[in-house]
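Asks: Per TrEMBL, the feature active site, nucleophile maps to 133. The feature S-adenosyl-L-methionine binding site is assigned by TrEMBL to 8, 37, 58, 106.
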């Protein structure tokens, strides 16, 4: 694994985090999923077990190489990975008329840029599964997504670092009818 790539160090809790993301996605096997900040592809590959197709996007090229290798080693063929800025990739996908049933967001502490939020609203996924390590930027982005027509459905904290104030949050939002 590249030293430039991010990886959850608490493996026991990471598994619970990924299981909760899978639970919130509630995949039937017909969905296309975009994992907009996929890192080494861990969440993408975890969701691929139940999705029709998963597209992982990550700006760190070494992480994408790790993701591709992980997919190959695990013989997972319904995923593709692209080294790209999430905002640029999503904007281009929206302009080309591409769609996704679910978008997974697991951004850095700064959260999603306004450009990412705008592109998501153009792609119009039915669901957004948002994983965050920063409750402040998560709250800001939930507000932005609410303004774009999404409704907060569920929130689940996952204690990745016991006995510290740090917590990951898994959020499910859906497109308001």
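Backbone N, Cα and C atoms are what each Cβ position is placed from, and that goes for glycine too.
Heads up, TrEMBL stuff is auto-annotated, nobody curated it.
What you are looking at is a predicted structure, and each value in this text was computed from that prediction instead of being measured.
What does the local environment look like for each feature on the list?
Replies: Remark: residue 133 (active site, nucleophile) has 109, 160, 166, 167, 168 as non-local neighbours, by Cβ distance under 8 Å and separation of at least 6 in sequence. Classification of residue 133 (active site, nucleophile) by DSSP places it in coil, neither helical nor stranded.
For residue 37 (S-adenosyl-L-methionine binding site), other Cβ atoms within 10 Å of its Cβ number 21.
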Asks: Ranked by the number of other Cβ atoms within 10 Å of their own Cβ, which of the binding-site residues 58, 106 ranks first?
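Replies: Comparing the binding-site residues 58, 106, the most crowded Cβ belongs to 58.
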Asks: Specify the secondary structure state of residue 58 (S-adenosyl-L-methionine binding site) as given by DSSP, simplified to three classes.
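Replies: The three-state answer is strand.
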